[in-house]
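First the structure, in the form of structure tokens, and then the observations on it.
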Amino acid sequence: MLFYGVFYFMLFAFLVSIFAFTQVDSSHKPLLFLELCITGISSFMYYLFLNLKPHTISLLRYKGWFITTPLMLVALHTLLHSTVSLVYLIGLDWLMLLAGYLGELHLLSRMTAMFVGFIPFFLLFYALYSTATFTTFTYALFWVYFAVWSGYGLAYLCKESIKNTLTNVLDALAKAVVAISVSLYLYLPLY
């Protein structure tokens, strides 16, 4: 079952982040602490998912995302040296998530929820892009975030089983792969 794979991969990313946290300069510790929180919360959420029905999982995901996605944005904002307000970014993030959650509750159609959710999504990424100071690594990371987060919106339109499978893969990319990449970037500064 894919949930087990993502659960263990999140735990691995958590451990990599712990290792990097203990090894890096103190100026990088706050950023790695964010990655620890993101992968730790995500690991806990996947642990909870292991015995739930697919529709229940979709609703529970949003509760985790309301916590982890703002942390992810703080981390990305920090890496990009963005000057846009974090309150603005997190507000847009929560509007995007609220649209999806209303679709999960069938208060909006899936298509309407996706369309409405993409409005704050594009505003959020435009604000980050237009205020960022990029390095080679952070430029690539920005586009990984953009592509993966776009994928959530597209997966949202799929039937429940496919949506859950795609969302598991996207979670692994958005959280575990990013945490490992950021940990290695800060531990082994190659750029």
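Along the chain as shown, residues are numbered 1 onward.
Any Cβ shown, glycine's included, is placed from N, Cα and C.
Quick caveat, the model's predicted, so the values are computed rather than measured.
Under the heading transmembrane segment, TrEMBL lists 6-24 (among others).
Among the features that TrEMBL reports, transmembrane segment is placed at 31-50 (among others). When Cβ-Cβ distances below 8 Å are used as the criterion, the transmembrane segment (31-50) is approached by residues 1, 3-4, 6-7, 10-11, 13-14, 17-18, 20-21, 24, 57, 60-61, 64, 67-68, 71-72, 74-75, 78-79, 171, 175-176, 178-179, 182-183, 186 of the same chain, each at least six residues removed from its ends.
Positions annotated as transmembrane segment by TrEMBL: 70-95 (among others). Note on the transmembrane segment (70-95): residues 30-31, 34-35, 37-38, 41, 117, 119-121, 123-124, 127-128, 130-134, 138, 141-142, 145, 174-175, 178, 182 of its chain, located 6 or more positions outside it, place their CB under 8 angstroms from a CB of the stretch.
Within the chain, the transmembrane segment (107-128) has long-range Cβ neighbours (under 8 A, six or more residues past its boundaries) at 73, 76-77, 80, 82, 84, 88-89, 92-93, 95-97, 99-100, 142, 145-146, 149-150, 153, 156-157. Residues annotated as transmembrane segment in TrEMBL: 107-128 (among others).
Marked as transmembrane segment by TrEMBL: 140-157 (among others).
Residues annotated as transmembrane segment in TrEMBL: 169-188 (among others). Within the same chain, residues 2, 5-6, 9-10, 12-14, 16-17, 19-21, 23-24, 28, 31-32, 35, 38-39, 42, 46, 68, 72, 75, 79, 137, 141, 144-145, 148-149, 151-152, 155 sit at least 6 positions outside the transmembrane segment (169-188) and bring their C-beta atoms closer than 8 Å to a C-beta of that stretch.
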